[in-house]
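Novice: Feature list, courtesy of TrEMBL:
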- 1-25: signal peptide (SIGNAL)
- 26-45: region 'Disordered' (REGION)
- 164-184: transmembrane segment (TRANSMEM)
- 215-236: region 'Disordered' (REGION)
- 239-359: domain 'Heparan-alpha-glucosaminide N-acetyltransferase catalytic' (DOMAIN)
- 246-266: transmembrane segment (TRANSMEM)
- 281-302: transmembrane segment (TRANSMEM)
- 314-333: transmembrane segment (TRANSMEM)
- 348-366: transmembrane segment (TRANSMEM)
- 387-408: transmembrane segment (TRANSMEM)
- 471-494: transmembrane segment (TRANSMEM)
- 501-519: transmembrane segment (TRANSMEM)
- 539-558: transmembrane segment (TRANSMEM)
- 570-587: transmembrane segment (TRANSMEM)
- 607-625: transmembrane segment (TRANSMEM)
Amino acid sequence: MAAAAGLVAAVAAALGALLMAPGLSQPDGQGAPGPRGGAAAAAERRRSGRMDQALLLVRNELPAPGLNLAARSGSCHQCLYQFLAFVPPNNESLRKPGTASVMVDTQHPLTLLLNSSVGDRDLCKIQYHFGEFGNYSLVVKTISTSNQTVSCDLIINEGPINSYLPILFAFLVYVGILALLIAGRLLMKIDPVRNWVYKKLNPRATDRMINSELGSPNTTDSINCDPAPQSWSSGSRQRLRSLDTFRGLSLVIMVFVNYGGGKYWFFKHESWNGLTVADLVFPWFVFIMGTSIALALGSMLRWGSSKWKVLRKIIWRSFVLILLGIIVVNPNYCLGPLSWDNLRIPGVLQRLGFTYLVVAALELLFTRADSGTWEGRFPALQDILPYWPQWIFILVLETIWLCLTFLLPVPDCPRGYLGPGGIGDFGKYPNCTGGAAGYIDRLLLGEKHMYQHPSSGVIYQSTMPYDPEGILGTINSIVMAFLGLQAGKITLFYKDQPKQIMSRFIIWGIVMGVISAILTKCSKEEGFIPINKNLWSISYVTTMSCFAFILLLLIYYLVDVKKWWSGAPFLYPGMNSILVYIGHQVFANYFPFKWKMQDSQSHAEHLTQNLTATTLWVIISYILYRKRIFWKI
């Protein structure tokens, strides 16, 4: 406990000292001011501005009637220009240009449009990516009075700060800690050093410390989606550590982005089509849940459990997950005491619970206690052909999703609409967010029982409630878990053949990647079915499955085949995933996971807080691992 607390303090102190160092606040292209001057200037700019924004001063040297300034974000597909400010005309009598100042977004490139306030004549259009806390001027003047040629010149008054340096420094801090831990383990392999440690410390405690990575705890057979299942051999109690490591990696990233991800846009969910880091982790968690189901069910049946007993456990665990999601982890608590009037029904745990119920029951129906070699015409397809009814069921589900998505009539919306509504699609369908998916949720659940602040509201300014864990998208989360189930079957049927396992992971990854390329036309916006986390589109599922197969292949090779990596530190939260997920949600606003910041407009402070909170949960899971405490539902 003392060592864990010391590590937390060391990480927090190192991050705080490095991420908020004065040098991080120096503006680009402004020379190298003294430490106090650079820090003071940056702090002053943060007090006068907001994170991810820059100041733009527009100087209009043109005569009446004045100008309208509008902008459109580069990440906003087919969006209307949004009015920013009216710039008064030049005052010829006082020889004073008209001015207007606005704050502009720095997360994505902007297209600025200046036109006359009378007649709507476009004068100039500028594309530029502004820097955070930068100070800019846009000077509009006449070059030639004969043909009324207008110039628009963008001038940098004060360079922006480099808001991405804290990420680099945080990376170096963690690499340094990792290097120290590796060096310590190597030193412990030297006999004189190890003997000296034995003399200074309790021998039994030291032995546990040295060998903490050599084995995994013995657990009773379980089919829950938290700890990974037992390995294949009935005589061995060894776990597949790669599954826990994969799950833990997904969970750690999930905790980090849920805590804010340093307030960087790429650690937030994509507004609509496309992917960010935050969009990767939930489908990976669903995928590895399916993998665990395949291994766990076979293990349960081999140990003599009846299918009816296993089915009762599946139903109970699904019910508990759904109940925890509705009552404990519900974002509508921010609206006040929870009541039926504003209870959000869908959610992450709810979707996990229902997906688990369907996929585990489907597998239970067709699984066998003996997973020996299949004696059929095509032994190379022994992990697929015996389960053809499952594939038919999944294909029927996907057909239902396609038909509802593209054929269901939605009032006042075009059939098959997949857009964000709001100002997207040039403002033609402002109340059509999510198309059929949003309509089904509003019809069956009611607007007050859905997520009230979808990610599309930021860029696309949509006002309709939309739930990314809604009803229609659950179909594709079942497909995602089923693909993870396929990965589990591969490890079962080829249990003593790691080359076969890895080659099939590669094949499945390639197949999923090809399907994604066809569906999306290798384009973010122009494909048949774009990659979309809010919709859980089928292209999103195939893309995430492609990544998951390849990532699981790498982890399996490093952890279970070559044993070059123990899986630490991701192994520990992966073995207590439900506890860590619920815990990080419940205690999100409590110290030491959150504290009052000196400067809430600093990425460095947010990153320090979020990384410290995430590290704390990893350390908590490690302590629980050492004490053999695992929360299972």
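Backbone N, Cα and C define each Cβ position, glycine as well.
Situate these features within the shown structure.
Specialist: Here the domain 'Heparan-alpha-glucosaminide N-acetyltransferase catalytic' (239-359) is broken down by DSSP into helix, strand and coil counts: 90 helix, 2 strand, 29 coil.
Within its own chain, the transmembrane segment (246-266) is flanked in space by residues 51-52, 107-108, 163-164, 166-167, 228, 276-278, 280-282, 284-285, 288, 292, 551-552, 555, 567, 569-575, 577, 580-581, 584-585, 588, 593-594, 603-604, 606-607, 609-611, 613-614, 617-618, 621, which lie at least six positions past its ends and keep a Cβ under 8 Å from the stretch.
Same-chain neighbours of the transmembrane segment (314-333): 223-225, 342-345, 347-350, 352-354, 356-357, 360-361, 364, 451-452, 578, 581-582, 585-586, 633, counting only residues six or more beyond its ends whose CB sits under 8 Å from a CB of the stretch.
For the transmembrane segment (471-494), the residues of the chain that approach it from at least six positions outside its boundaries are 232, 240, 283, 286-295, 298, 346, 351, 354-356, 358-359, 362-363, 371, 373-374, 382-384, 387, 390, 394, 397-398, 400-401, 404-405, 436-437, 440-441, 444-445, 500-501, 504-505, 508, 512, 534-538, 540-541, 544-545, 548-549, 552, judged by C-beta separation under 8 angstroms.
Residues 240, 242, 245-246, 249, 275, 279-280, 283-284, 287-288, 291, 476-477, 479-480, 483-484, 487, 498, 501-502, 505-506, 508-510, 512-513, 515-516, 519-520, 527, 529-533, 564-565, 567 of the same chain lie 6 or more positions beyond the ends of the transmembrane segment (539-558) yet place their CB under 8 Å from a CB of it.
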